[in-house]
Amino acid sequence: MSTKDWAEKDYYKILGVSKDAKPEEIKKAFRKIARDNHPDSHPGDKAAEARFKEASEANDVLSNAKKRKEYDQARSLFGSAGGFRFPRGGAQTSVNVEDFLRTASNGDGFGDLFGNLFGASGGRRTASRSPRRGADVEGETTISFDDAVSGTTVTMDMVSQAPCQACRGTGARAGTVPRVCSTCQGSGMHASSAGGVFEMTEPCPDCHGRGMIVEDPCQVCHGSGRAKSTKSMQTRIPAGVEDGQRIRIKGKGSPGENGGKAGDLYVKVTVRPHEIFGRDGHNLTVTVPVTFPEATLGAEVEVPTLAGTTVRLRIPAGTPNGRTFRVRGRGVPRSDGSRGDLLATVEIAVPESLDDDARHVVERLRDSLPQATPRPWEVK
């Protein structure tokens, strides 16, 4: 792709973001497009593959502050003006190219702008293949409620793109090797001129910037040099993780290319519910059934903890149904080493059936209590 073609592509439009979009907005937009169009999810869908590649190209430029600045500068020269041209014919015009380019590039000057964009600031140079960061990988795991509170290590089988083992990343069939591109002599770059005035370098159209041409492609990766790789890995789930939370593990995604860093692993955690306890942030919740006499007269009851022990909880006389008591320090661990609390909510247990003696006792209690109704809407 020539520099002019590169500048004329609207990467902002491809990702669906504004020209002043923040890095996190660009990252979010690219992830959505990549997730919806990833070749692994749409095998054989050329349109989805094209959208994925186009979005990857746009993200590669816009997510890099230096490349984004150069791209915006190139757009101001080529994209918005329909191409950079000197006047031809008619009156001779004296143009100070250094001043013009310094103005167009916000003061960076001829050497900085064209040196960065075209790979040279005076004369031709050979460009090496730049490192590329590996793709991020998504994974899922399901753990118990107890493990979510205390933290655990899980074994996960992850599928990612890695150098093809069959061809060792060359893209060529086993027993063969790629040949050096005769067009660029292995540099991966091709010289072209802009109106006979400037000489620029751009990715070689024959080898697409690789410097090598695969004539007999690998049957596993079909010449790409990359293939699906499944590996088993130990993943640490931190204490206090919540149901549905995504955990980022740096450097555990797909391997990079040409010495680039590996991508990240994002693990979505599903937590199985507990029979007794619930969660409210860093607090644990538990329902404590009490009898009517206990709630009315007061009592001390034992309340379970997630550690398997119990604590004594004092129920004051006249405790209403639904009142919550706080047991400090018996909740979920925080990152600073402290813990949340245990929230114990009283639930008055009503017997489903009574024998005659018990019924008479309740009736006598009813008759001895004040006749005022507890329902405010019935008060006259």
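Using N, Cα and C of the backbone, Cβ positions are placed for all residues, glycine too.
Taking a C-beta cut-off of under 8 Å and a sequence gap of six or more, CYS218 (Zn(2+) 1 binding site) has these contacts in its own chain: CYS164, ALA166, CYS167, THR170, GLY171, ALA172, ARG173, ALA174, GLY225. Following the DSSP three-state reduction, the secondary structure of CYS218 (Zn(2+) 1 binding site) is coil. Summarising the annotation, Swiss-Prot assigns Zn(2+) 1 binding site to CYS164, CYS167, CYS218, CYS221.
CYS204 (Zn(2+) 2 binding site) falls outside any helix or strand according to DSSP and counts as coil. Annotation comment: Swiss-Prot describes CYS181, CYS184, CYS204, CYS207 as Zn(2+) 2 binding site, evidence class sequence analysis.
Per Swiss-Prot, compositional bias 'Basic and acidic residues' is recorded for 32-56.
The annotation domain 'J' is assigned in Swiss-Prot to 10-75 on the grounds of sequence analysis.
For 164-171 (among others), the entry in Swiss-Prot reads repeat 'CXXCXGXG motif'. Mean model confidence for the repeat 'CXXCXGXG motif' (164-171) is a pLDDT of 84.
What Swiss-Prot lists as repeat 'CXXCXGXG motif' is 181-188 (among others). The residues of the repeat 'CXXCXGXG motif' (181-188), classed with DSSP into helix (H, G, I), strand (E, B) and coil, number 0 helix, 0 strand, 8 coil.
Look at Swiss-Prot and you will find 204-211 (among others) tagged as repeat 'CXXCXGXG motif'.
The repeat 'CXXCXGXG motif' annotation in Swiss-Prot covers 218-225 (among others). Away from its own ends, the repeat 'CXXCXGXG motif' (218-225) comes close to residues 163-167, 169-174 of its chain (Cβ-Cβ under 8 Å, at least six residues beyond either end).
For 151-230, the entry in Swiss-Prot reads zinc finger.
Here the Cβ of CYS181 (Zn(2+) 2 binding site) has 20 other Cβ atoms within 10 Å, regardless of which shown protein chain they belong to. Within 10 Å of the C-beta atom of CYS207 (Zn(2+) 2 binding site) sit 23 other C-beta atoms, taking all shown protein chains into account. On the backbone, the CA of CYS207 (Zn(2+) 2 binding site) and the CA of CYS221 (Zn(2+) 1 binding site) stand 17 Å apart. Of the recorded residues, CYS184 (Zn(2+) 2 binding site) and CYS221 (Zn(2+) 1 binding site) place their C-alpha atoms 25 Å from one another. Compared over the binding-site residues CYS164, CYS167, CYS204, CYS221, the count of CB atoms lying within 10 A of a residue's CB peaks at CYS167. Report note: the Zn(2+) 1 site is defined by CYS164, CYS167, CYS218, CYS221, and the residues of the same chain whose CB lies within 8 Å of the CB centroid of those residues, excluding them, are GLN165, ALA166, ARG168, GLY169, THR170, GLY171, ALA172, PRO217, GLN219, VAL220, HIS222, GLY223, SER224, GLY225, ARG226, ALA227.
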